[in-house]
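Below: the structure, in C-alpha cells.
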C-alpha cells in the first residue's frame, strides 16, 4: 500500500495464503466471510442468553437454548449461501449463467447477493422456529429475526472488508484525500481514485447493529418482539440505497441511463416490509397498553 498526496494506492494481495508449493489458496474474502458469520453467531448466542430469565428456567435450560442456537447458526449457511447465489444469478448474472450453467455452482469464482442471503436466513428462521418452538418456547420466528438483526452488522462489516480486499464493489471516482486507487479493480477504471464504498457501507451496517444490539441486550421483552427486526430492515435498506450512489456500475435495471440500480430496487421491498412490521408492532403494543373497562 502506497499513500500519495491525494489518494491511497492499494495493491494488497487478494489472498492471505497463496503458495506455489501448495495447491490450497486462502482468499481474504473467504476468511472475512467465515469470521463474520462466526462472530455474529457468538454474539447472537450471548445476546439470547442475556434475556434468559426465571420463567424460562421452568421450561428449558440455558444450555439447551445455547445448543439450539448453535444449530441455528451452523445450518443457516445452507440457506444463506444458496440464497445469495440464486439472487445474484437472477438479478445480476444476466444471460451469462443461462449460457454457461456449469458456472452456477462455482461459488468460489464470486457472485453472491446480500438480499438473497437475507431471504434465505428469514426462510431458515421460519423453518427453525416451527421445529423448535415446542421444545424451547422462546425460539419464535420474531425472536430469531430480532437476534439476527441485532448482530448482522458484524457479519456484514467483515464481508465488506472482504470485498475491499478483493477489490470488488468498487466506488465511483473521487478527488477526496481518502480515495483509493486499486491495483486490479473488478469494476471501474484502472488508476483512478475511487470512493472506498465498501468501508462506507460496512461501517454503517456495523454502527446500526451496535445500536440494535444495545437496544436488545437484557431489554428484549421490554422493547417487544419485532421492533429490532423492523428497525434493522429499515436501516439496512436505507444504508444500501444510499451506498449505491457511490458505487460504480452494478446491475442497472433498465439500461445505462437508469436512475436506480438493482440493489436499490431490491432494497425497496425490505424497507416497506420493515415499515409495515414497525407499524404492526406499534399497534400491538398500543393495544396492550390501552385500559380495558370492566363491567360491574
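Glycine residues also receive a Cβ, built from the backbone N, Cα and C atoms like all the rest.
According to Swiss-Prot, the features are:
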TRANSMEM  28-48  transmembrane segment
TRANSMEM  72-92  transmembrane segment
TRANSMEM  110-130  transmembrane segment
TRANSMEM  139-159  transmembrane segment
TRANSMEM  197-217  transmembrane segment
TRANSMEM  226-246  transmembrane segment
TRANSMEM  263-283  transmembrane segment
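A contact between the transmembrane segment (263-283) and the transmembrane segment (110-130) is present, since 3 or more of their C-beta pairs, 6 or more residues apart, lie under 8 Å.
Taking Cβ pairs closer than 8 Å, the transmembrane segment (28-48) reaches residues 13-16, 65-66, 69-70, 73-74, 76-77, 80, 108, 138, 143, 147-148, 150-152, 154-159, 161-163, 165-166, 213, 216-217 in its own chain, all 6 or more past its ends.
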